[in-house]
């Protein structure tokens, strides 16, 4: 149990009971809890915590295992990435910066912090995961020298053991210790600059996930994750507002050294004027049309093999724009070979008939608390069927084109539920994420769609240009 001094009145306990699912490996019966206990000086306002990973380092570039060693420094690209993150966070009035003292993290923090006069705290517990004998080896050297241990590090990191240590378990314990200090600090907006693994552990422990979730919520170099810890009477975990990346999230990446073979891109349909009509199924407004066009152009970075959408008007309109741009771009290419993008509707993605009109109008953090138990269960069950159907669709696609993507278009509420389904949570997981109209969330499958999905980013809106949602928006 994690005890963090934050809530204004009582201990807020949030528990995830993860059911066994034959599609996934999350079959451990571990139950992870998070308790935010009251303090002597209770807070009544939201505390925002922004987690940033350091920029590309020399050892990142070389493919060398860093762990908690301190021999690598930022490359020129890494410094440029840090500057992009600085610009992303420029308007945020942070009260304090906690950072790992390792050189690659410290330099990133200094670039982002700029000329702010507020406090910087160097916390050694924020160092990267301790990997003992692995540290300093090229990944191919690790495989050659350690064999089975390296395979376990790639495929079963939660139980990976080296030199008598369980690095991921130690990391989770350290992350809980870090939260105690971060949330106890008298501040309302906190910047934390650290490393890939420790930031994964911070995010996971904050929302109540155990060590088996290592590498399920990834963070690219200088990626940004935003959490809001909001005191509320019902209890619960913080809201994950965004998991952003300074570069395109569509390029994919690796998980434990394995490239994604398949990818699902969740596209929230363009904005519509839901409140204007009691049917709650309206076409996109002008902003929604712009969002769909921007999204379609952005998706040209990937070859979209299929589009699945809900039957609502805004979703089908968004899907049509994406399909038309994909097909037009292919026909205008050097080969000039027309290509049809398969588009289909999936009724299980429709949730408007489940959600009360008043709740569906504006999806704000904490929206799930406005719904009764029957509504939450209906939403969870329907989107659970949608998730299983999407995995079946992805499994049946041509496997010869490794790296192709399936686009799924629906409402923010439906996609919030799909993210929770991907992580194999229970329905309480519906309260974790926040998504905006026109946003993109990316799920990779490094071991294929029959295995665990890896969430690469959520609520990505940088592709919308001037219509993007700033990280620094008011809470």
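One-based numbering along the chain as shown.
The backbone N, Cα and C atoms fix where each Cβ goes, glycine too.
Pulled from TrEMBL, these are the features on record:
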type	residues	note
ACT_SITE	54	active site, tele-phosphohistidine intermediate
ACT_SITE	128	active site, proton donor/acceptor
BINDING	53, 54, 55, 56, 57, 58, 59, 60, 104, 139	substrate binding site
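Taking the features listed in TrEMBL, we show where each one sits on the structure.
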{"residue": "53", "record": "substrate binding site", "contacts (Cβ under 8 Å, 6+ apart)": "108, 193, 194, 195, 196, 199, 219, 220, 221, 222, 223"}
{"residue": "54", "record": "active site, tele-phosphohistidine intermediate", "contacts (Cβ under 8 Å, 6+ apart)": "74, 78, 82, 100, 104, 105, 107, 108, 193, 194, 195, 221, 222"}
{"residue": "55", "record": "substrate binding site", "contacts (Cβ under 8 Å, 6+ apart)": "74, 75, 77, 78, 79, 80, 81, 82, 85, 104, 107, 108, 111, 221, 222"}
{"residue": "57", "record": "substrate binding site", "contacts (Cβ under 8 Å, 6+ apart)": "66, 72, 73, 74, 75, 78, 104"}
{"residue": "59", "record": "substrate binding site", "contacts (Cβ under 8 Å, 6+ apart)": "65, 66, 71, 72"}
{"residue": "128", "record": "active site, proton donor/acceptor", "contacts (Cβ under 8 Å, 6+ apart)": "66, 67, 68, 100, 102, 194, 195, 196, 197, 198"}
Site extent for substrate (largest Cα pair distance over 53, 54, 55, 56, 57, 58, 59, 60, 104, 139, Å): 21
Residue 104 (substrate binding site), number of other Cβ atoms within 10 Å: 29
